[in-house]
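So that you can see what the record holds, here are the features copied from Swiss-Prot:
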TRANSMEM  18-38  transmembrane segment
DOMAIN    268-442  domain 'NodB homology'
ACT_SITE  D275  active site, proton acceptor
BINDING   D276, H326, H330  Zn(2+) binding site
SITE      D391  site 'Raises pKa of active site His'
Amino acid sequence: MNKSRLGRGRHGKTRHVLLALIGILAISICLLGGFIAFKIYQQKSFEQKIESLKKEKDDQLSEGNQKEHFRQGQAEVIAYYPLQGEKVISSVRELINQDVKDKLESKDNLVFYYTEQEESGLKGVVNRNVTKQIYDLVAFKIEETEKTSLGKVHLTEDGQPFTLDQLFSDASKAKEQLIKELTSFIEDKKIEQDQSEQIVKNFSDQDLSAWNFDYKDSQIILYPSPVVENLEEIALPVSAFFDVIQSSYLLEKDAALYQSYFDKKHQKVVALTFDDGPNPATTPQVLETLAKYDIKATFFVLGKNVSGNEDLVKRIKSEGHVVGNHSWSHPILSQLSLDEAKKQITDTEDVLTKVLGSSSKLMRPPYGAITDDIRNSLDLSFIMWDVDSLDWKSKNEASILTEIQHQVANGSIVLMHDIHSPTVNALPRVIEYLKNQGYTFVTIPEMLNTRLKAHELYYSRDE
């Protein structure tokens, strides 16, 4: 009896264990099935999101573009190449294909290439901004990880590449002027010398047609290589290139500036300049004569003469004239040490800035004596002359007028001295003569305008 009961007990326990195992297996199968079903759902949902993103891009970008769909390693690439008529714009294709070849990583990504059209700032030219957009496809998530501009492609209205050399009537002269202007721009940024020299060399070694550029806000924008801190771009005013630019590309605002530039260039102009003041006895008389004829001039003053004549210096500026630097005590700067010469100039800059609140950044070296080392050590423009009245020598009214009559030409800078009474007395006759010859009177900044650069020497409007 006991053995029979024991056998039945053992058999029951075995059955319970078996049933439990079957239950666990059934639950596991259900869970696994649910997990697989969820993964299938998750994968389908993920694929639907990918297809939805592709459709969204297709709706946005298919018009006017040729779509190409391919794989680069593990990356799925969809490129929208813009069409000109029925042909792909080749310069855009080349830029995209180069990026695919050189920079696209072989990862499980979805990559879009496309362009956006924008105004170029030039007549008959459009920009295509080429963009790369990358989405990571990881763990059933679509995440945008990069949106990069590959650069701008400039195109003519018929879809042909527009390069910087095409903007100019004389590409060789334009490149020479561009190098000069960008060198001055870089110097003002205080870039390390070896870096600045490398940037200039890279531009010089490249054909103008290969320069990376943009045009906006009446400026030619250049992109240097190598890129250095505080110098992502070089912005040069288009007015500095009016002599060599193809004006047909200029829009209304810039075309008006261009026309104004040539109107003024063909207008007869002369700049009267006065050195060695201020002199409280004679300078006010010069100012009164200039005011009578409504003429603005440029005064190069000595630093030592400013003390005690601060109000007179302020009057010169307040009446619309320009005040420049003529050294502290009128030495021959080229015969001084570099430090001594710089001190003569910087001390005068300091006193003028203190009295006037700012500096004109114009300097005239006494006797016209200056060295390259002095010029290159100071962020000033150096103003010489091409007409010497010799008033300092003759001190004779008739002789002063005669000298000017013999030398003056369109764009001349006339040297006189506001410290001599004969000059004061000759000034009305000089003005009357020049007016009768059709001259308009301008200050140095008005005459030289965008030509004015630090460290440079100027003898006239065109020299």
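Any Cβ shown, glycine's included, is placed from N, Cα and C.
Known features from Swiss-Prot, placed on the structure.
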residue : record                               : CB count, 10 Å
D275    : active site, proton acceptor         : 22
D276    : Zn(2+) binding site                  : 20
H326    : Zn(2+) binding site                  : 27
H330    : Zn(2+) binding site                  : 17
D391    : site 'Raises pKa of active site His' : 27
DSSP on D275 (active site, proton acceptor), three-state: which is it? strand
For the Zn(2+) site built from D276, H326, H330, further residues of that chain with CB within 8 A of the site's CB center: D275, G277, F300, V301, L302, N305, S327, P366
Candidates D276, H326, H330 (binding-site residues); nearest Cα to D391 (site 'Raises pKa of active site His') turns out to be D276
Using Cα coordinates, what distance in whole Å links the residue listed as 'active site, proton acceptor' and H326 (Zn(2+) binding site)? 7
Local confidence of the prediction over the domain 'NodB homology' (268-442), expressed as mean pLDDT: 97
